[in-house]
Amino acid sequence: MRLITKFIPNLITITRIIMSFLFAYAIIDQFLYNEDKSIMLIILFSAICISDLLDGRIARKMNSVSIIGAKLDVFADLLYIILSYVTLVNVKILPLWFLGFVCLKFSEFIATSKFMKNYNKNSNNPFVFDKIGRAIAAMFFIIPGIACIYKCFETNSLTIVLNCLLYVIFFGGIYSSYLRIKSCLVCFKLNNNIDI
């Protein structure tokens, strides 16, 4: 029984992976084939967000946090984000530059996490998170839902809000990158006894 309960958080994460494909498929049906999938998009988006909130909390509550679970969670998040963004770029709802920014930001997250992890072996988490980076990642996560809602209801004021939000996220992401790279330099200097 303990083995089954230990697998529940990972099962929730795997379900999010499946829902990500369904979400992308619903985007295509809604915006390319003009089938009304607005309710399905809202339900899938909500379920994806809820599953992302629940899997980690349940893992911590059941004392079943694992490196595999953490990596699976980040993979599921990345898959949802990239799949959604690629689909939304293809149906001309989101700009291509923002997808490129998301990919660069994720690459920077992996590289800086690995670098900082080399200097802090005490942590069991394979990734190093920062508050601003978490906020930006959360925004990356909700943009597909906001973009779908905006496009389903086609209001001009939402177009302005969406574009402003993309630029705020972009500048916040640049600031987060600056802080992460600065932290890497501090770790390097401390580890090599270089004056700061």
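Every residue number used here counts from 1 along the chain in the order it is shown.
Here the Cβ of each residue, glycine as well, is placed from N, Cα and C on the backbone.
All annotation found in TrEMBL is predicted automatically rather than curated by experts.
Note on TrEMBL: of 39-56, 93-110, the range annotated with the feature transmembrane segment is 39-56. Within the chain carrying the transmembrane segment (39-56), a Cβ under 8 angstroms from the stretch's Cβ atoms is held by residues 9-10, 12-13, 15-16, 19-20, 22-23, 26-27, 30, 69, 73, 76-77, 80, 141-142, 144-145, 148-149, 152, all 6 or more beyond its ends.
Sequence-distant contacts of the transmembrane segment (7-27) (same chain, at least 6 residues past either end, Cβ-Cβ under 8 Å): 37, 40-41, 44-45, 47-48, 51-52, 54-56, 58-59, 62, 64, 68-69, 72-73, 75-76, 79-80, 83-84, 86-88, 91, 144, 148.
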